[in-house]
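Contents: one structure, followed by commentary.
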Amino acid sequence: MPELPEVETIKNNLQEILPLRIKELEIRREDILRCRDYALEELTGQIIEEASRRGKYLILAVDNGLFLVFHLGMSGRLYIQEEETTVLEPHVHVIIHLDKRLKLLYQDARRFGGLWLLKDTQCFFSRLGKEPLSEEFCPRYLEQVLQGRQTAIKNLLLNQNLISGIGNIYADEALFMAGIRPDRQAASLSVREIEGLCCGIKEVLAKSIKYRGTTFRDYRDGKRQPGEFQNHLQVYGRFNQACPNCGQPLKRSRIGGRSSHYCEKCQQ
């Protein structure tokens, strides 16, 4: 699933070419449209002024105050293509025809993602937790979030209502960087461990953005290029390989229904 760094990378790709005028919004599969606050025709002739991100959502702001909000689900791609390209790959469900002979395509084979046409985003995003790369996300905030929680720290990091944008890959990587086992009870972390985890989260996300995200199979950026952070992963997807710190074989276990990768020696 595309996580914060992957969506941030696509956002950055789009920001490079905006603003662009919408010529037509083409919905090729109705069930991919999760919410429609306004008619499609209201977008015709309007200008996409800005791309932004909230958690794992990508937001396109239109000059008449409307918003197009995308979530890429498990396998979604959002990329720019020249208008002259007439052959479409399978599972392209949304096409935004733009000026400058361009079009923006949303492709999603598994259809866990979608598009929301919204007049306001404040209510839509009101339940999302803090952005981990923001100044507001600090050790004090993380300490408040962890206080009294008996769940595994890995599960807490994946809770989008508490921290927005972190998924399985970056939770494992941040916990390894902080030296914390993914199955540790959240409330058991010391102040020093919380500080280390906060730094680890910010560092691993920033590094992944630098390398344009992680590609194992589906993910491509807004230019249809794979990310490169998979070449820099320390633990995720490296079961039974040597720990980069101590050399012991890395472990894998199921926590909250998801695979977690860690070092039994380096993480306590």
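Every residue, even glycine, has its Cβ placed from backbone N, Cα and C.
Site annotation for DNA in Swiss-Prot covers His91, Arg149, and the matching candidate from Arg110, Arg127, Arg181 is Arg110. Per Swiss-Prot, the stretch carrying the note zinc finger among 24-58, 234-268 is 234-268.
Working note on the recorded positions Lys56, Arg110, Arg149, Arg258: by count of other C-beta atoms within 10 Å of each C-beta, Lys56 ranks first. A straight line from the CA of Lys56 (active site, proton donor) to the CA of Glu3 (active site, proton donor) spans 6 Å. The two recorded residues, Arg149 (DNA binding site) and Pro2 (active site, schiff-base intermediate with DNA), show a Cα separation of 27 Å.
Cα of Pro2 (active site, schiff-base intermediate with DNA) to Cα of Arg110 (DNA binding site): a distance of 13 Å.
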